[in-house]
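Here the structure is laid out as structure tokens; the discussion comes afterwards.
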Amino acid sequence: MEELIVELRLFLELLDHEYLTSTVREKKAVLTNILLRLQSSKGFEVKDHAQKAEANNLPAPPQMPLPEIPQPWLPPDSGPPPLPTSSLPEGYYEEAVPLSPGKAPEYITSNYDSDAMSSSYESYDEEEEDGKGKKTRHQWPSEEASMDLVKDAKICAFLLRKKRFGQWTKLLCVIKDTKLLCYKSSKDQQPQMELPLQGCSITYIPRDSKKKKHELKITQQGTDPLVLAVQSKEQAEQWLKVIKEAYSGCSGPVDPECSPPPSTSAPVNKAELEKKLSSERPSSDGEGGVENGVTTCNGKEQAKRKKPSKSEAKGTVSKVTGKKITKIIGLGKKKPSTDEQTSSAEEDVPTCGYLNVLSNSRWRERWCRVKDSKLILHKDRADLKTHLVSIPLRGCEVIPGLDSKHPLTFRLLRNGQEVAVLEASSSEDMGRWIGILLAETGSSTDPGALHYDYIDVEMSANVIQTAKQTFCFMNRRAVSTSPYLGSLSNGYAHPSGTALHYDDVPCVNGSLKNKKPPASSNGVPVKGKAPSSQQKKVETAGGVKRTASNAEQYKYGKNRVEADAKRLQSKEEELLKRKEALRNRLAQLRKERKDLRAAIEVNAGRKTQAALEDKLKRLEEECKQREAERVSLELELTEVKESLKKALAGGVTLGLAIEPRSGTSSPQSPVFRHRTLENSPISSCDTSDAEGPLPVNSAAVLKKSQPSSGSSPCRGHVLQKAKEWELKNGT
């Protein structure tokens, strides 16, 4: 019987893992009940027999044993569970239940991934959120880890805080006295953020669609708002009620019109909120930051919400229907600390921004700022209290360029050793950072003298112009004089109004004369003329009127354009040689074809006629192949000539030492090039008493210097091709 009971119990346990129909499940339940009854009755019989045998064998005890006192049943919420021995998983969270009088604080644990909560898409609907909320509730894990945090707290809960780019992060929010304390975890002893509620205004923004949340926006004068997401309307009203009670304990004045009860307010009109967007100023770059201990919200989200001000609160809050409850207490305004201030509107040039930094062969985006002649790299704009790297800039050298894949890259070198590799997002950003770094490193290098080998001419001009203007602004803003401010060779080192766009032109006698030379066609400011002694040396050596300042000004892109021009010239020479050899071969083939035709006519009717005809066919096939090769060669040569013409046209601007091939009728001949350099606005400004030649339009000079013929080059090329094909068909 006992063996049958054991086997039956094992069989029922096996059935628990199988799929059963409703009828079989009912039969299984009946068998289980019978088996339990049999086991219970069998157990009582065995126990009675054992007690009787023990009573017969043992002597009588001196006294009756005390009956066992059953342990009192304790509810699961009577005491805190023990701390886990192993470390908590990475995605472990604790969600606090709102604290009520006479109740112990509770929390909800969940192990969902934090990345899912930080997603900016917010695509979970209300039903999914309700399903996730059904989790086991129990007390805080330990008394020393959590009870001190919520001791004397008016309300506490885990709320979502909006970060920049619309991401959300979970914080433990506790209101004690008149302060809002935010903890990253319930085990932290120090709050991550502390916000005094005095002088703040709070706005409740209800959920208007399934993709948004119930939000509480707490705004303090002079700082960006703190946006917290609550789970429901009831929870928002509870927080508003507690905050109102906290206001009553503040020392500041309370405006009765600014604190209506939550129950009397109706939903906010969305159109009315969007109507008053102009009263809210978005953040400088559309991103969040941390100022004065208050985490700012995203710039895009900030533009969609109305920012309540003190003047509006007194006159319009009572008229606006909805859940918007503005509470302003006191006039205290806390100024942001200098450590947390990233940029100021009073600065001419912002010395901070995001850059890509090359670290361990990987590019990472970092928030970079220049302070006290140091380049400080932060992991994020919101984390300014800690930094990753601090690089002293004095004595460093700024070198633009890294490779062709990263054209907007610049490097910092100290004693020839690479200190940092940075990449900007645009040419303006690159020029701004180069100007800032040149000014902070104490370098007297002109931004135009640097080599920009991986960007084109137009982008190089933009980078140089922005770098020079930034360099001037930084030097003008500096309080103390630097060694590179007094250099006369670098006009952009003088913090004057003229230096923003033009150089201070040094004269022969050593005095400075603010003479505005004409700007070039591409908008790049023109450098001044060097002393006459240096000019004579340049004219004697090169035969072209070009000053040293000019050569230094337009040195950007020189290596790249020179290499392109040389490559095109060598390719043109190679194609011309191939064309000449092909022409000679075609002439030889035509002569052989003519001789073969004459030989066929002479040997008509003979045995050698067939061999001669086969040879003539092979010769004609070769002639066709050579002719097709000549046509493709002509097209390639035309393309190379056009590219070379463009490169040489840019050579005038860049001051290249490349001369066109002799014997060509190109408008870039040495004589024309000499005349263009003398008359163009790129040439040096004459500082002598005699008036120099007036600057003329370079484009007009190029247009007038084109060879005037009855037909255009394109038309002549087509006529030449037609004539060649007619001659070929005729032969």
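Placed from the backbone N, Cα and C atoms, the Cβ positions cover glycine too.
Going by Swiss-Prot, these are the annotated features:
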type	residues	note
MOD_RES	Met1	N-acetylmethionine
REGION	56-90	region 'Disordered'
COMPBIAS	59-84	compositional bias 'Pro residues'
MOTIF	70-73	motif 'SH3-binding'
MOTIF	93-96	motif 'SH2-binding 1'
REGION	118-139	region 'Disordered'
DOMAIN	152-248	domain 'PH 1'
REGION	252-318	region 'Disordered'
COMPBIAS	271-284	compositional bias 'Basic and acidic residues'
MOD_RES	Ser283	phosphoserine
MOD_RES	Ser284	phosphoserine
REGION	513-544	region 'Disordered'
MOD_RES	Ser549	phosphoserine
REGION	658-731	region 'Disordered'
MOD_RES	Ser665	phosphoserine
MOD_RES	Ser666	phosphoserine
MOD_RES	Ser669	phosphoserine
MOD_RES	Thr676	phosphothreonine
MOD_RES	Ser680	phosphoserine
MOD_RES	Ser688	phosphoserine
COMPBIAS	721-731	compositional bias 'Basic and acidic residues'
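The DSSP secondary structure for Met1 (N-acetylmethionine) is coil. Within the model, the domain 'PH 1' (152-248) shows a mean pLDDT value of 83, rounded to a whole number. Helix, strand and coil counts under DSSP for the domain 'PH 1' (152-248) come to 19 helix, 44 strand, 34 coil.
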